[in-house]
Amino acid sequence: MEKVLLDYDWTVMAPEIIIAAAAALLSLADLFLRENTDRRFFSWFSLAAVIAAIFFTVSRFGQQPYEILGDTYRVDDFALAFKTAVLSGVGLVFLLSAWGVRQEEIRFRGEYDYLLLAAALGAMIMTSSADLITLFVGLELLSISSYILAGIHRERYASNEAAWKYVVQGGVASAFILYGMSFVYGLTGSTNLYTIQQRLVEAYQTGYDAFVLLSLFLMLLGFGFKIASAPFHMWVPDVYQGAPTPVTSFLAVVSKTAAFALVLRIVLVGYIFLYQMQIWQQVVEPVLLVLAGLSMVIGNTAALHQTDTKRLLAYSSVAHAGYLLVPLSTLGAVLFESTFYYLIAYLVMTMGAFTVAALLEREAGHGNISGFAGLSRRSPGTAAAMTVFLLSLAGIPVTAGFFGKFYILMNALSTQHFWIAGIMVGTTVISYYYYFGIIRQMYFRPPASKDRMRVPMVPALLLVIGILGTVGLGVVPEWAVHWIGDLQWMSALTPLNAGPPGP
Amino acid sequence: MRCTDIYIHPSLLGQGLMVRISFDGVTGMEYWANYSMTAIFFLLGLALPAAAFTVGRWLRPHHPSAAKIITYESGVDPFGDSRVQFHVRYYLFALLFVIFDVETVFLYPWAVAYDTLRQDVGLFVLVEMLIFVLFLFIGLIYAWKKKVLEWK
Amino acid sequence: MPVTSYLALGAILFSIGLYGVLTKRNAVIVLFSIELMLNAANLNLVAFSKFGLHPSQVGQVFSLFSITVAAAEAAIGIAILFALYRNRGTVEADRMNSLKG
């Protein structure tokens, strides 16, 4: 018998329902509160909702995978792990916003919070669906909310311009993804990824091989925009620079994680048969590796001559997207593990770096790297924290970033891809130059003013979380590695509903 | 061209004519032959207004005067330039219209399938749509509180 | 095979849209071009739901969703453009160049 709506256990959707309800509640509260009421508590309320959602997500670990309505929503370890990462990122962004987003600067302070919740909801849907329609809607919910968030500083021209560039390039990327999906649908007659998995093989073997590859490459083109890899990275520096700093950190951390979850799910479930047929190694892998190599080279060399902190971090984000593409293209044994570990490491160190950037931006009134000058004398703690984050971003040992890179490098070496490993090591060495440039500013340049810089409670808490995460993951990586290794990653690749595949 | 069924639905005869033509196994020349109907309609559409204007010109008297040759604007004397820029306020209404208009796209299939769904799922199918409408309603409240619905 | 003509039309629309995005200076036309690209994909979906390898209704449902998404995206795009116009007084895309490094 076919299952209908009420036969499903809807409590598994608790995290999504909490976030959606919180967003709806806040949007109503924002409308009915008086205009000059301080809306900062919105961020705290959202943070509470996110923590509740994390609680419900984490409590599902270790249970049997579950699906709702023909895999349009599924809870497997893959989904849970990525959802936890996404929600943790969103939680940290809310913490940063509670301090860093002021009503006197952004008139629509209330809207900021519930748009961020809506974007988080989109990211969550992207991590735990196996249906093209739902995945596309989730992706667009995240993207459209991010477009508005990037431009939420309505009076500031840079913010408008960032939002405009983001909406145009993001729209083109969405169009490419949708166009690719339309071919997938045409070849398989289904939007369910597991039905697609079976029928794409048939289509490939019955003479539609060109269309199968066309659909994959059209989608990859769009995904390239969304994960900020070169040569589709043109929007990244402009949007990162123009958007308000908490939004930038959201784009760097949450959007990237969710986009990788989406890419891994679609590409691995739908197109894994290419690997068994040796086509992946001949056609797809070289293309992906070239993208990865380009991202590393372009990201790291363009970052060399940046003078704006957020712009520098944007190019560094492009470079990191390149590193992250390596496991996906080589499909090594620890593909999921190394990608996920790197994403978590990237999350903690990037959030920390953006917190310091936001602190200095508020202090100096501009986002130039010269704001770092003499930071060690004005606030030794902040300078030390930033040093840790930068060392981790650069991949120096005993930090999270080092082990993440090491993991990915091992993956590349074990699958005999020496040239990409070489590029990885080479560009990492180049990246030392600009990361250490900031450290040099902090320790060896005279400060603009002698006053000590006060670090309020909330950003201080963020810095502590960032340091604990970065150093913790670096010193005792085996804890995280064991935990990640015990997850049933492969459950993401197999359908759950027994019986014949639906339409 | 092979038409398997052409029928006129009896209940629609009073309100207008609905003709359904379905083709199957259309290939090659037949496929292009199907476009002949479109071509005939296109030519008729071009010919009809041309004929009407030409015949009108032959039949009507032609005595122009200054008052007669000014542009007709509902009986009022025309003023201003014809290339007016519309006020941006229209944009808000258009936006509101588009969003709500597109959302109704989801209501139609639901309404059509309502009876079937009702038997399968029960009253929850109504609750489900109410949730959707509730979110739309929040959007309407937003527009109302932001004074988009007022013409200042 | 009829589906070829639909695919060709879709591909032409998609290419016109892409060309428009890449070359046009007027921001409103850029938004139109994105709409063209999205609608090319919709056309594909609807054509495939009748003439695809496995014809089914899902394609039409997908196109309904993507139409909604496209409407939302266009609305946001125009709203952002409006904010830009207020601050700078132009809708020419190549004059938006304050961010560089």
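Cβ coordinates are placed from backbone N, Cα and C, and glycine is handled just like the others.
Under the heading domain 'NADH:quinone oxidoreductase/Mrp antiporter transmembrane', TrEMBL lists A:129-431.
Per TrEMBL, transmembrane segment is recorded for A:12-29 (among others).
Beyond the transmembrane segment (A:41-58), the same-chain residues lying 6 or more positions past its ends with a Cβ under 8 Å from any Cβ of the stretch are 14-16, 18-19, 21-22, 26, 29-30, 80, 83-84, 87-88, 90-91, 94-95, 97-98, 101, 109-110, 112-114, 116-117, 120, 124. For A:41-58 (among others), the entry in TrEMBL reads transmembrane segment.
Counting only same-chain residues 6+ beyond the ends of the transmembrane segment (A:78-99), those with a CB under 8 A from a CB of the stretch are 15, 40, 43-44, 46-47, 50-51, 53-54, 57-58, 60-61, 112-113, 116, 120, 123-124, 127-128, 245-246, 249-250, 253-254, 257-258, 260-261, 264-265, 336, 340, 343-344, 347, 351, 354-355, 358, 456, 458-459, 461-462, 465, 484, 487, 489, 491-492. The feature transmembrane segment is assigned by TrEMBL to A:78-99 (among others).
Look at TrEMBL and you will find A:111-127 (among others) tagged as transmembrane segment.
Long-range contacts of the transmembrane segment (A:164-187) within the same chain: residues 132, 136, 139-140, 143, 146-147, 150-151, 196, 199-200, 203, 208, 211-212, 214-226, 232, 234-235, 238-239, 242-243, 270, each at least 6 residues beyond the stretch ends and with a Cβ under 8 Å from a Cβ of the stretch. Here TrEMBL flags A:164-187 (among others) as transmembrane segment.
Outside the transmembrane segment (A:207-228) by six or more residues, the chain places 139, 143, 169-170, 172-181, 183-184, 186-187, 200, 235-236, 255-256, 259-260, 262-263, 266-267, 270-271, 274, 279, 283-284, 287-288, 291, 317-318, 321, 324-325 with a CB less than 8 A from a CB of the stretch. Taken from TrEMBL, the feature transmembrane segment covers A:207-228 (among others).
Look at TrEMBL and you will find A:249-274 (among others) tagged as transmembrane segment.
Residues or ranges marked as transmembrane segment in TrEMBL: A:312-334 (among others). Using a Cβ-Cβ cut-off under 8 Å and counting only residues 6 or more beyond its ends in the same chain, the transmembrane segment (A:312-334) has close neighbours at 227-230, 233, 236-237, 239-241, 248, 252, 256, 260, 263-264, 267, 275, 280, 284-285, 288-289, 291-300, 302-303, 306, 342-343, 346, 350, 353-354, 357, 369, 393, 404-405, 407-408, 410-412, 414-415, 417, 420, 424, 427, 431, 434-435, 438.
Among the features that TrEMBL reports, transmembrane segment is placed at A:340-360 (among others).
Here TrEMBL flags A:381-404 (among others) as transmembrane segment. Long-range contacts of the transmembrane segment (A:381-404) within its own chain (CB-CB distance under 8 A, at least 6 residues past either end) are made by residues 316, 323, 338, 341-342, 344-346, 348-350, 352-353, 356, 359, 372, 375, 428, 431-432, 435-436, 438-439, 442-443, 453, 455, 460, 463, 466-467, 469-475, 477.
Among the features that TrEMBL reports, transmembrane segment is placed at A:416-436 (among others). Below 8 angstroms of C-beta separation, residues 289, 292-293, 296-297, 299-301, 303-304, 306, 312, 316, 319, 322-323, 326, 330, 390-391, 393-395, 405, 408-409 of the same chain, each at least six residues beyond the ends of the transmembrane segment (A:416-436), sit close to that stretch.
Feature annotation from TrEMBL assigns transmembrane segment to A:457-476 (among others).
Counting Cβ pairs under 8 Å to the transmembrane segment (A:12-29), the top-ranked stretch among A:111-127, A:249-274, A:340-360, A:457-476 is A:111-127.
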